[in-house]
Amino acid sequence: MTISLKTAPLLEVSNLSVDFRTDGGWINAVDDVNFTLAPRETLGLVGESGSGKSVTALSLLRLHDQRNSRLGGSVRYKGEDLFTLATSRLQQIRGHEIAMVFQDPIHTLNPVLTIGRQIEEGLRLHHGLQGREARKRAIELLDRVRIPDVARRIDEYPHRMSGGQRQRVMIAIAIAGDPKILIADEPTTALDVTVQAQIMELLRNLRDELSMSVILISHDLGLVSEFADRAMVMYAGQPVETGPINKIFDEPLHPYTEGLLSAIPDLDDDLDRLPTIPGSIPEPSRRPPGCRFAPRCTFAQASCVKPQPIMSLTGGRASRCPPRLPTEECVL
């Protein structure tokens, strides 16, 4: 999908930071996150486990425990800053204007309520539907996400369904409020390849039919490349590269992005060992003072010990690694 650069953003995230309280004090988990999301656009958040993707997504709707977390920056939806909104107004937006599909439906769905009751709850809250009217709409939603034998299965409990069916139920709950933005956090985790493809095809169809914007969180670069318009690559709590999905895959600017792409095995190659990025993401309390990827980077230089701000480039691109910009024109 081609998004006009002149389209006003639906969501605008500026200088987002997230800290968590620990026994040793406050620890920063995510910082310096900036991005926009246009109407009907799909943005992929990409990175290894521990890169800050899910922490970023949960913070957009203030879903972290307020007693043990603190948020910085701003998240503006249609001009309203979600970080300063009254709880009553935020509740109107959650699940209605902005909805979320979580990565682990078996732990997200209520085990003591039927799937029908759980869908009807959102319909009552956001649309005022009751009784038969709510049940009829719940059946329509389950049918829309392709749950078979809906009239019977609407009264089943989550544990009676397969992983793929539970994820479809989560999607039905998410779209019940007719959201403008859908956040999908690793929606295909723990599903086999065939079911993964079915879930992604379902999300693609719903996105187009309902004219939604989507934030897709995934460690699977191949999946993101087939679904997203743009990508934001995260490492150790920071974005390290953003840009149109085709540009990121064809001409990665940051060594971490290049490493992720190189780690995708080619089925035509006869490999004794899968390609990997050496090392691991540092713990939040042990991040290096300069470039956070430098200890794992084969291109590291002396200047990498200094903080690396992300630089905006032509073509809607940005990177946190100046040495990897031989052909780009910096606009800062």
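Even glycines carry a Cβ here, placed using N, Cα and C.
The domain 'ABC transporter' annotation in Swiss-Prot covers 11-261. Here Swiss-Prot flags GLY47, GLU48, SER49, GLY50, SER51, GLY52, LYS53, SER54 as ATP binding site.
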Got a sec? Which of these binding-site residues, SER49, SER51, SER54, has the most Cβ atoms within 10 Å? SER51
Excluding GLY47, GLU48, SER49, GLY50, SER51, GLY52, LYS53, SER54 themselves, the ATP site's Cβ centre has within 8 Å the residues VAL55, HIS219, MET234, TYR235, ILE281
Going by a 10 angstroms cut-off between Cβ atoms, which of the binding-site residues GLY47, GLY50, GLY52 has the sparsest surroundings? GLY50
Measuring CB to CB from LYS53 (ATP binding site), give everything in the same chain under 8 Å that is also at least six residues away in sequence. LEU45, VAL46, GLY47, ASP185, ILE217, MET234
Check SER54 (ATP binding site) against DSSP and tell me helix, strand or coil, would you? helix
Predicted model, mean pLDDT over the domain 'ABC transporter' (11-261): 95
So if I measure Cβ to Cβ from GLU48 (ATP binding site) and keep only same-chain residues at least 6 apart in sequence, which ones fall under 8 Å? HIS219, TYR235, LEU260, ILE281
